[in-house]
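Down below is the structure, laid out as C-alpha cells.
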Amino acid sequence: MKPLRYTASALALGLALMANAQAVTTIPFWHSMEGELGKEVDSLAQRFNAENPDYKIVPTYKGNYEQNLSAGIAAFRTGNAPAILQVYEVGTATMMASKAIKPVYDVFKEAGIQFDESQFVPTVSGYYSDSKTGHLLSQPFNSSTPVLYYNKDAFKKAGLDPKQPPKTWQDLADYAAKLKASGMKCGYASGWQGWIQLENFSAWNGLPFASKNNGFDGTDAVLEFNKPEQVKHIAMLEEMNKKGDFSYVGRKDESTEKFYNGDCAMTTASSGSLANIREYAKFNYGVGMMPYDADAKDAPQNAIIGGASLWVMQGKDKETYTGVAKFLDFLAKPENAAEWHQKTGYLPITKAAYDLTREQGFYEKNPGADIATRQMLNKPPLPFTKGLRLGNMPQIRVIVDEELESVWTGKKTPQQALDTAVERGNQLLRRFEKSTKS
C-alpha cells in the first residue's frame, strides 16, 4: 500500500502542476520588428513574463507593417486575432474604422489599472488619440522620425567636415556629388520615400500634405502634396538621380543596409534604424537632422512621427485584457521605455523616459541620439504638421511609391507624377469617406 500512496501523491502533485500551468494566460502579440529590434521585443516580453508568472506574452513576427496589418484584420474576421497588434502610424484611421479594436483607455479602466495618458509626449499621443474625447485609442510604442545618417570616414575622404552634416537639401545635393566623385558607389539614398520625401518634407518645411489639417478635421480631406514646393524638391532628387548622386534602392528600409555595408555615404532613414546601424556599421558614422529646403519660410518646423503603436483587439476575455493592461503598463514604465529608446533609436514615448535618459548621461555619451526627439519638439506643431489621419493611407503610400518610381525611371516628370498620385489617392479617400458613412 505504501508504494500506492506514493503513486497517488505523485499523481496529485502532477495534476496540481498541470492545473497551475493551465492557469497561465497566454497573450499573443503580433509585430513587425525584425533583426536587432525583434530581439529587443523578445527581451521585453521575457522580462514581463518573469515578473508576471500568471501571464505569458508571446511575440510573433508577422512580416512588415503592411503584412502584419493585413494579417491582423484577416485574423479578426475569422475570430483568431492576436490580443495585441502592432500597426504603423498610417494605419491609424483604418484601425479606428475597423470595429476590431478595444480602446486602450477602456482596457486599463476595466482592468482597474491607473493609466495616466498625460505621461506620453503630446506630439506622439496626439497621433493616436480620439479627436472627440482626447483619449488614447492605442498605446504609442516604437515612434520615430526620419534622421540623416552619414559616413564620417567617407566625409573625410571627400574633403568634407565630418562634424558638419548637410543642413539643407541644397547642401545635401552638393555633398552627394563630392562623395560620389571621391569613389563612393552611392552618394545618397533614402528609405521610406513617401514618408520622408513627401510626408515629412511637407511638415518639416511647414507645408500641408492634405486639407482638413491632414485629415484630422474630417474624412472629406483631399491630398495637397503636388504644390510647387514639393514638385521642386522631387525635381531636385530627379536631377541628382540622373547624375548618379542619388540612388533609389527600394520602397522601405533598404537604404539602411546600403548605408551600414558602406555602399551609400548618406541616407535619410528612420531613427529606429539606429539599432541595426550600431550593430553592423564598420566605420565612424554620425546622425544629423533631416535637411530642410533653404527657400522655405520659417523652416525647419517640426517632424511628424513614423513607427507604430500597439492596438488591443476585440473579442478577448477579461483575464486576457487584464494581462494586456499589465503589459502595456510595463512598457510605459520609465526604466523600460528609456531602455527601449536607448537600445533602438526610437523616440522616448514618455516624458519620464526622456528625463531618465538625459539624467543617465546617455545623450552625452551618444552624440546624435537625441536628434529625433529634438526634431519632433523643434517647434510647436501647426494644425497641419502634427501628423496624418487619412483613410486608406497604406494604399496611398503604395501609389506614391509607384509614381515616384516613374520619376526615377524617367517615365514621368515630377509634376505629372505628383498630380497623378494626388488624383489616385483622392479616389481612395473618397472610397474611405463613403465607407465610414454607410
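Cβ coordinates are placed from backbone N, Cα and C, and glycine is handled just like the others.
Swiss-Prot annotates Tyr65, Glu89, Ser144, Ser270, Gly307, Arg397 as sn-glycerol 3-phosphate-binding residues; of Tyr175, Tyr346, Tyr363, the candidate listed for that same site is Tyr346.
Considering only the binding-site residues Tyr65, Tyr346, the Cβ with the fewest other Cβ atoms within 10 Å is that of Tyr65. Long-range Cβ neighbours of Arg397 (sn-glycerol 3-phosphate binding site) (same chain, at least 6 residues apart, Cβ-Cβ under 8 Å): Val90, Gly194, Trp195. Neighbour count (other Cβ atoms within 10 Å of the Cβ, all protein chains): 24 for Gly307 (sn-glycerol 3-phosphate binding site).
In three-state terms derived from DSSP, Arg397 (sn-glycerol 3-phosphate binding site) belongs to a helical segment. Annotation for Glu89 (sn-glycerol 3-phosphate binding site): spatial neighbours Tyr127, Ser143, Ile305, Gly306, Gly307, Ala308, Ser309, Gly387, Leu388, criterion Cβ-Cβ under 8 Å with sequence separation of six or more.
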